[in-house]
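Peer 1: Got a structure for you, written out below as C-alpha cells; questions coming shortly.
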Amino acid sequence: MSARFTAVEIARALGQKHDPTPEQQAIIEAPVAPALVVAGAGSGKTETMAARVLWLVANGHVAPEQVLGLTFTRKAAGELAARIRERLVQLAGSGLLGSSTVVVDAFTQPTVATYNAFASSLYRDHAVLIGRDPDGVVLREASAWQLARELVTTAKDARLADLDLSADRITAAVLALTHAVSEHGADIADVRAYIERFVAHIAELPLGDRYERKAEFDKLMALGATLPIVDLVERLQQVKQRDGYVEFSDQVSLALAIVRRHAGVAAQLRDRYRVVLLDEYQDTNVAQTWLLAELFGGTPVMAVGDPHQSIYGWRGASASNLDDFAHRFRAGGANEIDAPGEPVGRYSLSTSWRNGTQVLAAANLLVQPLSARGGVAVETLRPSPVASEHPVETVFAETVHDEAQAVAAWLAARVAEPPPGAPAGATDADGRPLRASAALLMRSRTTQPVFLAALREANVPVHVLGIGGLLEQPEIADLVSALAVIDDPAASTELVRLLAGPRWRIGVADLHALSRIASWLRDRDLAQQPFSDEVKERLRASVARTDGVSLVDALDFVGTAPDEHGQLRGLTPVGLERLRDAARLFAALRSRTALDLPDLVVAVEHDLLLDIEVAANPARALGDAPREAFHEALDGYLALADHATLGGFLGWLREAEWRDNLSPRSEDPEPGTVQVLTIHGAKGLEWDHVVVPRLVDGELPGTPREGSTGWLRVGVLPYELRGDRAELPTFAWRAAETRKELLERRAAFADEVSEHHEREERRLAYVAVTRARHRLLLTGSFWAGQAKPRDPSPYLRALEGAGLIEPLPEHPQNEQNPIVDDSGDEPWWPVDPFGARRERVVEAAARVRASDPADRGDDRRGWHREIDLLLAERAERLASAGRVTVPLRVPASSFKDFITAPAEVAERLRRPMPQRPFRATRLGTVFHRWVEQRYGLGAMPDLVDGLAAELDVPLEGDSAEALAALQETFARSPWAAQAPLEVERELHLPFEGRILVCKIDAVYATDPAFDTVRDRGSGRRPRTVEIVDWKTGKAPRDDADRAAKELQLALYRLAYARWSGLPLDAVTAAFYFVADDAVLRPASLPDEAELRRRWRAAVGSV
C-alpha cells in the first residue's frame, strides 16, 4: 500500500520521544484490510491504535469521521478517544501535511464508544424496523431487578417451593438466565425443550451393573427444577415487550436482529465507517461478536486483544473470540466460522512497557500452560529497555493474621517512598513529597477485613474501591444487617451479627437458647398452639417459607412473652434483658417501614447509634465517608427503580456487590495510598507496587461457587445452547445407555469443568501479576479460618521451581489451627468492644453519672428534669413554628437562591410543590449527557456498561433543533479538542453543618507542563486547572445576576481545591454559555470565609 508518510516520520513530526518499535510500525502501517493484533499486558496498544488512526488520516486513506473505535469500558473509551483527538490536533498543527488540512471538531473526528453503547445507538436508530419503540423505557440494573423480583414474589407456581431458594436468589437466577439467553441468541422455548428432553431421557435409562450412586442421579433429575425459572424468564420477556421495556443486553440482541433482517442497515454503517478498531476484543460476548461480524465482516477491521487476559467469562466473554476472528472477519468471507476468504493479517505487540523484568518473567511462567494449548499464537512478553530489576518477593506465613501484618509492613514502606526512578526528595507541584502508588488485589473479599485491620493498625492510608468494599465497612455491614432484619423474618444470620456485636454482646449460650425458641415457634400459630398435620404440609409447600426457623420471630417473641413463660428459662438474666432491648428497637423500626427509604435508613442509623459510634471511634479513619457513600448508592437505586422497596433495595445491593466485584474499575491510582480492590476490578489499571495475597490452594486458584456442576444447576443455560459451546466442556448424556454410564460421563464432565475453571483462574493470576510496574509481593499462609492447613498455591510452587522466588515452607509449624488468643485459649466471643479498656471506661462513666445531681438521691429529681426538657422542647417548637429546617444536602446550584432570595427559599421549604419539567431544563440535561458521552469520561464507575450513551429523554421539534445548534456551537469552542481531566465529577463539600453537592461539568489542566493525554493516570498532577460549567441558558442580564451565578463557581472552586489538594488560587473557574457562545471568566471569586459569612447570614433569616 502506498503511503506518503511513514509511522516514524509522523511520530517525529509530532515531537514524540521515541520512534515506534518495529512491531508497532508494522501494525500502524498495516494494509487497510482485516487484521488481528495480539497485544500483551502493558504493551502500548492504546498508543499504537491512536498512531494507526493518525497514519491512516495523514496518508489520505480515511477521513477522521470514517473511523470507528469500540472498547469494553467507559474509561478505556475515554482514554482512546482523548489520545486520538490529541494526536489529530497535534498532526493538524505540525505542518507535516503541508497544504492539506485535517479538521478536528465534533463532526469530523473518530467515533469512539463502548460495545454496548454502540449497539444501543444502533438499536434506537432502527428499532422501528422490527416493530419496537426506540423511545421505550431502558431498564437499568435496579429497575430490571425490581421488575423480576415482582414477578417472582407474585408467582403462583407451586414448583418454586421445591427450589428451596429465597426470593432474591430466584430473582438472580431469572435475570442471569434472561441475560444468558439474550447474549447467546438462544430461544427460551429451546431451553425448555432441552431440559425436558434431558430429564425424560435420563429417567428412562436402566440402572446398569453395580449402580450404587442414586443420590448423584437424583441431582441430575433435579435439573427439571429449572423449568419454573424458564417460565419466569418467558414471562419477564413478555412483560418487557408488552410495556416497551428493554435492557442493555436486549439492545445487543435486538440490534443483531435488525442487522440480520435488514441488510441496508449494515450497508449504511459500512459506508459511514471505513475503518473499525475493536479494542479488548477478548472481552466481547457472543452476541456482540455476531453483531460486529454481521456489520463489518470482510471490511478493514483491526481487532486488538489478549487471550491471556480474558477474565470475564461470567458475563459471556470468551478467550476463543480471538481464535474465531480470522474466520468471521476475513475479506471475501461470509461471516461464518467455516467460510472461505482471504487470510487475516496477524500482528503482535510483545514488549511490555509496564512491568519489571522479574515481574514479567513470573507472568510469562504463569501463562505457559495456556500458550501450550494452542489457539491464537501469543508471543512471550519481553521487557522494555528501561524495565526495573526488582525481584518478585514472597511471604508465606503461618496464619492469615501474620500474613496481613507482613503485607501491611511491606506496603507501609512502599507508599512512604517516592516512585521508583524519582530522585530522592522529589516533590510534586505543591512541594509535597512524591509518593509511589500501590494496590492490594483480592481474589475474593472474604479475608479483606483482616488485611484492612492490619493496614490501619500500621497507619497506612487505604482506599477500598467498589460497593463490595463499602459493604465491608463495619458500620455499613451493621446498617445493612439491620435493614434486612426489619424486612425479612428469615434474616437470621444478619440478626446474629447484630446481637453478638458491640451493641448487645449476646453470648453463645443465649444465642443457642434463642435458636431453641425459634425451633419451638416453627410449628405453632399466633396463639402458640401446635399446627395440625395439614397446616404443616401446606406450610412446607409455601414458596415464602424459605427458612423453617426464624431467629427474627424468636426475638419478637422474647420481646413480648411474659417473664414466667417457660421458653424464657434457657436465657440468662442479662441475655434476656439485652434481647428484649433489641426486640423493642427492631419492633419500633419495623413500625416505621412506611417511611421513604432514605428516611428509614436514617432512622436505623440513629437508633443503632451508628452516627455516634463513627464520630466517637478514633480508629475509624474514614470518618463519615462510608455512610455518605452508602446514601449515594441508595440514591442511585432510587433514581433507577420504578417501584422502590426495602426488599428490592437489599436484593439489588447484594447483586450489585457481586457484579461490582467482578467488573473493571475506572479510578486512577492514588500516590501514597493503598487501593484495595478485586483482581477483576484491576484489569486495565496499573500501580508502582502490587500485593497479591491469599495465594493458597483453594483461594487462588479458587474453586467455582457452584463446584464442578457446570450448567447442571438450576437457572443456567445449557452449554449446548450457548454460542461459545465449542470452547466449553461437553456432557455427552445422550450417549449414555445406563445410569451407571451416565454418572461416569458426568464425572468426566466434572473433570473438564474443573480444568476449564483452572484456566480461568490462571488468567486471573496473570492479570494480577501484570498490574505491577516495579515491585510485586505474593503472599499466603497455612491457616485462616479452616480446620485444615492450606498449601501454597500451585502458582507459587511453579515460581519457586523456576527460581523466581525464594523457597517456600513445606509444612505448617502447627498441626492444628493456631489462631487463638495470647493465653492459648479460644478467643472470647462475643468480642468486648472496649477490650482491656473496659474497666477504665466503666469507672469513668460511673464518675460522670455521679457528678450529675439529677442522678443522686430521690428518683423524682430525674422526673423533674424530664419535665423541664419536655417543656423546653414545647417552647422551642412553638417559637420556631414559622421557621423551616434547611436540608442536610444542598445542591451548589441552589446556594445562590439561599443568598439572594432567602424568603422564597423558606416558602418552598415550608410548602414544597412539584415543579413542572421545563423545556429548557430537559434540553440542558440532554446536552450535558451528550458532552459526557462525547468525551467518553465519567466520574463514577457504572454497574451497567453503556449507561453514558443512553439519551432516553426524547427531544422533538424546536428542542431537537436547539440541541443540534448547541452541539455545533460547542464543536467550535476552545474546549472541543481539549482532553479534560474530569467530566461530570460530583463532589461533596462539608459546609456549616451541611453537605453542598457540587456537580462539576468539566475540569481542564491549564499547566503548560502537563499533558492530559500523556500524564493522566501517571500519578502526576497539573499545577493549575480550570473548572468549566456548561450553561445552555442565557448569559447574565446584569451585574446582580452575574454575581449570583458566580457563587456557584466559587463553591466548585473550593470543593475541587479541597478534593484535589491544590491551592485555592491554583483553581480558576468559568461559565460557558453555549447558546450565546460566551465565556464568563470572573477575575475574582469569593473565598471560603466570605461564602461562610453569606451563608450564615442567609440561613439565619430562613
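Glycine too: its Cβ is placed from the backbone N, Cα and C atoms.
TrEMBL does not curate its annotations; it predicts them automatically.
The domain 'UvrD-like helicase ATP-binding' annotation in TrEMBL covers 18-356. For A39, G40, A41, G42, S43, G44, K45, T46, the entry in TrEMBL reads ATP binding site. Under the heading domain 'UvrD-like helicase C-terminal', TrEMBL lists 357-684. Residues or ranges marked as region 'Disordered' in TrEMBL: 807-826.
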Peer 1: Around the ATP site formed by A39, G40, A41, G42, S43, G44, K45, T46, list the extra residues of the same chain whose Cβ is within 8 Å of the site's Cβ centroid.
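Peer 2: Other same-chain residues near the ATP site: T48, D306, L349, S352, W353, R354.
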Peer 1: Could you give the mean pLDDT over the domain 'UvrD-like helicase ATP-binding' (18-356), rounded to a whole number?
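Peer 2: Its mean pLDDT is 87.
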Peer 1: Mind giving me a neighbour count for K45 (ATP binding site)? Other Cβ atoms within 10 Å of its Cβ, every protein chain shown.
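Peer 2: By my count, 23.
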Peer 1: Within 10 Å of each Cβ, count the other Cβ atoms, then let me know which of the binding-site residues S43, T46 comes out lowest.
Peer 2: T46
